[in-house]
Amino acid sequence: MAEAHQAVAFQFTVTPDGIDLRLSHEALKQICLSGLHSWKKKFIRFKNGIITGVFPANPSSWLIVVVGVISSMHAKVDPSLGMIAKISRTLDTTGRMSSQTKNIVSGVLFGTGLWVAVIMTMRYSLKVLLSYHGWMFAEHGKMSRSTKIWMAMVKVLSGRKPMLYSFQTSLPRLPVPAVKDTVSRYLESVRPLMKEEDFQRMTALAQDFAVNLGPKLQWYLKLKSWWATNYVSDWWEEYIYLRGRGPLMVNSNYYAMEMLYITPTHIQAARAGNTIHAILLYRRTLDREELKPIRLLGSTIPLCSAQWERLFNTSRIPGEETDTIQHIKDSRHIVVYHRGRYFKVWLYHDGRLLRPRELEQQMQQILDDPSEPQPGEAKLAALTAADRVPWAKCRQTYFARGKNKQSLDAVEKAAFFVTLDESEQGYREEDPEASIDSYAKSLLHGRCFDRWFDKSITFVVFKNSKIGINAEHSWADAPVVGHLWEYVMATDVFQLGYSEDGHCKGDTNPNIPKPTRLQWDIPGECQEVIDASLSSASLLANDVDLHSFPFDSFGKGLIKKCRTSPDAFIQLALQLAHYKDMGKFCLTYEASMTRLFREGRTETVRSCTMESCNFVQAMMDPKSTAEQRLKLFKIACEKHQHLYRLAMTGAGIDRHLFCLYVVSKYLAVDSPFLKEVLSEPWRLSTSQTPQQQVELFDFEKNPDYVSCGGGFGPVADDGYGVSYIIVGENFIHFHISSKFSSPETDSHRFGKHLRQAMMDIITLFGLTINSKK
């Protein structure tokens, strides 16, 4: 085969006339280009390291400071108050340096020291400024003079064009709340969920903890917070994610869907070519650290960017006791799964990224390949879908050497994983509800063996060219994948585009090596483990009751007219819907972020409050008036927003209690209070998918190009998982998951209650859905 010959730089044979050496010039050329590419990336990393290392100054400012110091010395002005003279005296005790040389060297050294001191002062000043969070608690739309001055100072110290990681060393550390404050907030959060007798018992446990064991655990936690960059994130990653022994599929991984109503081409290979190229463009921008750091409050307050580091070239490696995350700096290939076969596809040729048409060519060759799967190959990925321990043992036994290790390395060290799915998914006008549900379920779990659930992202291209992503959760949270996904969809349609016949723009290239099949030698014993994993994973997947639907009766535009937060509005609608569905309240989880702090991830907002319960009960009481309901609604919204702000600013409940629990385990002490708190089930788990890059295209002019967001599986066996995305002014998309095996839950029933709850609340304001126009 041609590609096999191209892969060999030289060959030799021994003949009677001597050694016959044959060089492959094409292979040598590709080796040289690969080396140049590698050195170019190293240089870019080195340059970016310098730029980020001197932030908020810039490297050129060093020259300005040094020239200024030396110029003042020539003008007989000593800017150092005698320090330059001291440096000069200590430079050369042998007397071999001329006085002019000593003066210049002394001036450069003093100027450099002054420059570093100014940088450290600016950085510390910025960190102090970013530690202020009073702006979050100000009344919406009203900004005090002191806040405006504070914002101006932050902007001055933030530089003109910060890179992705520029703010990392200037971000404050996540503060450790006082134990008594956390315990008090916890008791307030469970008050509406407990009977008086149970609440009094929990209050006694909590108060005993706050006085006795709590302060001891807190001392160790504070010690960690002084030493570690973030006192939560490493333990959260290890104990919540990596030590989990259950399946990643459904339980941990989540999915992202694309545009609902638009499919720019119906050619599967073409859609794959464009979108893979768009992903690679994003990766290149990320590698160069040219992504703009996300900033709040009018692009002023930066969020932590640490989670972007492991977006690509990352895989979760199974272990018997705990998993690990493997991340490599660079990967020049992807692995593509189609019809039970695994293919390795190189992403570079002639020292450049493959163009969209060239990637389409590669994908089409895979689709046209008639070869059959090797024994055990077709359903191999089921190992990543089921329990971790069998996969870890199987990996160690059958994939630690030989061709199996080489092929597994290719998968785990790929930039990302691609599935060319044989099914057709997406919105169908003749059956909108079932088609969207099927689309979501396919992205969440597929057929349990056609997604590599260990990879940071599995990119799925369906036969009818609809696309989606399945993402592993341990390395980062959903907003990072969402940021990538927004870029990919916009670049695919509005930047790259397609030809009139639906192909990628550009020309094919016959010189590109073809995709190569990964080779496996999977014995019968291993195939039995694969079959067992597939069986257990299929039971889990078939139990998922997933309902995904668009809500277009009104959106953010109309909610704003109610003078309330869209998120608070939806959260109260969820509380009302849950009560309609279950006839009771439950502990509710809403994911918030703590990325205002260095290496921050998430915090929990306990959305079921006394205020929200009072509102829901008023809505269910036919005797209550609209005025009473509206008043209670506004009180509940204000409470929710206050809790959300507390969570964002490091004053949440659950991460603090979680870390105290980890400390108690290290100290081998038992806490009945912490044990009970951490065993409470979240029967309603919710999350909003943020829209982060509204500048990519105009939603109002392109209303059909809206994303459906994404979703996740239910957290509790008898509960619901609800995700939602607010797009533009008039569109919200919901994803509801539960389990068929629970007699108490029904995702479609909950969806109907949620639609009605949204309409019931908007009616309180005397607004109709036509008010949005």
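Positions of Cβ are set from backbone N, Cα and C atoms, glycine also.
Now, the feature entries from Swiss-Prot:
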| type | residues | note |
| --- | --- | --- |
| BINDING | GLY555, LYS556, GLY557, LEU558, ILE559, LYS560, LYS561, CYS562, ARG563, THR564, SER565, PRO566, ASP567 | CoA binding site |
| BINDING | TYR589, THR602 | (R)-carnitine binding site |
| MOD_RES | TYR282 | 3'-nitrotyrosine |
| MOD_RES | THR588 | phosphothreonine |
| MOD_RES | TYR589 | 3'-nitrotyrosine |
| MOD_RES | THR604 | phosphothreonine |
| MOD_RES | SER741 | phosphoserine |
| MOD_RES | SER747 | phosphoserine |
| TOPO_DOM | 2-47 | topological domain 'Cytoplasmic' |
| TOPO_DOM | 74-102 | topological domain 'Mitochondrial intermembrane' |
| TOPO_DOM | 123-773 | topological domain 'Cytoplasmic' |
| TRANSMEM | 48-73 | transmembrane segment |
| TRANSMEM | 103-122 | transmembrane segment |
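What Swiss-Prot annotates, mapped onto the structure for a quick look.
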residue: GLY557; record: CoA binding site; DSSP class: helix
residue: SER565; record: CoA binding site; DSSP class: coil
residue: THR588; record: phosphothreonine; DSSP class: strand
residue: THR602; record: (R)-carnitine binding site; DSSP class: strand
residue: SER747; record: phosphoserine; DSSP class: helix
The one of GLY555, GLY557 whose CB sees the fewest other CB atoms within 10 Å, among these binding-site residues: GLY557
Residues of the topological domain 'Mitochondrial intermembrane' (74-102) by DSSP state, where helix covers H, G and I: 14 helix, 0 strand, 15 coil
Neighbouring C-beta atoms (10 Å sphere around the C-beta of THR588 (phosphothreonine)): 26
Sparsest-packed of the listed recorded positions (SER565, SER741, SER747) - C-beta count within 10 angstroms: SER741
For the topological domain 'Mitochondrial intermembrane' (74-102), distant same-chain residues with Cβ under 8 A (at least six beyond the ends): 68, 109-110, 114
Residues close to CoA site centre defined by GLY555, LYS556, GLY557, LEU558, ILE559, LYS560, LYS561, CYS562, ARG563, THR564, SER565, PRO566, ASP567, Cβ within 8 Å: PHE569
When distances run from the Cα of THR602 ((R)-carnitine binding site) to each of the recorded positions TYR282, GLY557, ILE559, ASP567, the nearest one: ASP567
Residue from GLY557, LYS561, ARG563, SER741, SER747 whose C-alpha is spatially nearest that of TYR589 ((R)-carnitine binding site), among the recorded positions: SER747
SER741 (phosphoserine) in three-state DSSP notation: coil
Longest CA-CA distance among GLY555, LYS556, GLY557, LEU558, ILE559, LYS560, LYS561, CYS562, ARG563, THR564, SER565, PRO566, ASP567, per record bound to CoA, angstrom: 14
C-alpha spacing of ARG563 (CoA binding site) relative to THR588 (phosphothreonine), in angstrom: 24
